[in-house]
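Asks: So Swiss-Prot lists the following for this protein:
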type    : residues                                  : note
BINDING : F79, I80, V81, V82, H83, Y146, R150, T360 : substrate binding site
BINDING : H346                                      : heme binding site
Amino acid sequence: MRPVPGPSVFWGAGSRLPAPLVARAHRLLRTRRANPARGASRITKDMNYWDYIHVEELLALQGGFDDDEQKVGNDEALFIVVHQIYELWFKLILRELTSARELFRQNPVPDQKLASAARSFRRVVTIFEQAIEHFRVMETLTTRDYLDFRDRLIPASGFQSAQLREIELLLGLDDALRIPLGREGSYKEALKTADGAPSAATRRVEARLASGPSLKHFLDEWLSRTPIDGSSEPEGVVGFLRSYTRSMRQENERRVQMAIDKALTPPDVERLRARYEAESAAAEAFLLAEDDPAADAATREKRRAVRAAIVFIESYRELPRLAWPREVLDRILEMEQAMLIWRQRHARMVERVIGRRTGTGGSAGVDYLDQTALRYRVFGDLWTVRSLLLRKPSVPEIEHASDYGFRVEDSP
C-alpha cells in the first residue's frame, strides 16, 4: 500500500503547523493506516444524483393512456409533464402550510417561531408565482394540437387534483363557498372512481380532513388571544373598537370637509357624505361583529376579538412585539393573493387554448374557473380590514404601548 503523505506535503517542506494540529494529523494518519477501510467506506457508499432524485423513475412516468411513451406525441408529453410539475409544487405547498398550521396549533404560539411561519408563507407565494409562469409553457399548445387528444381525457379533470383540494382544506376554505363542478353533489364525489368506489384521491382528502382543523381556525384562535391595549377581556376589546370607529368617523368628516374646500357642488358633497356614512356604519357593524344577525353571542365575541386583533396589529405595527405578527398577516394576505392570481391565470390559459367549451369533467369550463377565482377566499377578515385602516395621525392613542416593547430583564 502506498504510504500516506504527511502534512508537509500539503503545506510545503518549510511550513510550520501549530503543535496541536501536527499531533492531531499524526493521530489521524495512524488511524487510517490501522483501519484503511474506515475512510474508504464513505466513498463507496456515497449517494449519486440520479439515485437521490430518482431520475429514471421520474422519466418513466410520461407514458400517457397506454403507459407507452412511444405512443405519446410532443404536445401530449408537454401536457403531462406540466401537470406533474404542478402536483410536485402542490406537494411542497402542503408541506409548508402543514408546518405553519402545526405552529399555530400551539397555545401559546412561541413569538420566536413567527419568523419561520412568515418564511413558509413567503415560500408558498414564490411557488405560486413560479407556477403561474408555467401557464406560458401550456400556451405553446395550440387548440387543434390539444383537441387531438383531449377527448381521451373525458371524464378526467383538473378538478380531480386531490392535492389542490387538500390545499383548500388546509387553508380553511368554507364548504359553503364551493362551486359545484356540474354533475356531482360534493367535490368528494368527483374524486371517486367511475363505479363510485373510493379512490387514492378520495383517501388522500379524507386523511387531510381527519388531520384536524385548518390553518385559518388556528390563526383565528391565535389572533383572538391577542391583548388589545394590554387587555384580553371582552370589554377591553369593545372599548378599543368603539374608539377606533369614532376615529374612522372623524376621518370621514375630514374628507367631506376637503371636498367642500375643493368647491364640489352641494349635491356632490351630500352624495359623498352619504357614501362615507354608509362606509362608517358598515365598518362599525363588521368590527363589532353585528354584520351576521344569525350568529350567536359566543361566535360574535370571537369574531370581535379576531377583527380587533387584526386592526390593532396593523395600526400599531411599529411597536416591537407587533412587528412579526404584522409580518405574518401580510404574508398570509400575499399568499392568498398569489393563489387567486394563479386561479385567474389558469382561467385565461384555458380560455386561450380551448375557449369557453364545457370542461372534460363536465364543468362550465372557464366560467367555473373564473368563479373560483372570485369566490374562493379564505382570509376574508384580512381583506376587509384593509378598507378600514387609518392614517397614522388618525389612529387613536393607546394607554399601554409599553406592554408591546422589547422586554429586557433586570440585571442581578
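Numbering starts at 1 and runs along the chain as it is shown here.
Glycine is no exception: its Cβ is also placed from the backbone N, Cα and C atoms.
Provide an account of the burial state, proximal residues and distances for the features listed.
Replies: Cβ environment of I80 (substrate binding site): Q62, G64, V72 lie under 8 Å away, each six or more residues apart in the same chain. Secondary structure at I80 (substrate binding site), taken from DSSP and collapsed to helix, strand or coil, is helix.
Look at H346 (heme binding site): DSSP puts it in a helix.
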Asks: Per 10 Å Cβ neighbour count, which of the binding-site residues F79, Y146 ranks highest?
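Replies: Of the binding-site residues F79, Y146, the most buried by Cβ count within 10 Å is F79.
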Asks: Around H346 (heme binding site), which residues of its chain at least 6 apart sit with Cβ under 8 Å of its Cβ?
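Replies: Listed in sequence order: F135, L369.
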Asks: Count the other Cβ atoms sitting within 10 Å of the Cβ of V82 (substrate binding site), across every protein chain shown.
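Replies: So the Cβ neighbour count for V82 (substrate binding site) comes to 15.
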Asks: Going by DSSP, give the three-state secondary structure for Y146 (substrate binding site).
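Replies: The three-state answer is helix.
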Asks: Within 10 Å of the Cβ of T360 (substrate binding site), how many other Cβ atoms are there?
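Replies: T360 (substrate binding site) is surrounded by 18 other Cβ atoms within 10 Å.
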Asks: Other than its own, how many Cβ atoms are within 10 Å of the Cβ belonging to V81 (substrate binding site)?
Replies: 15
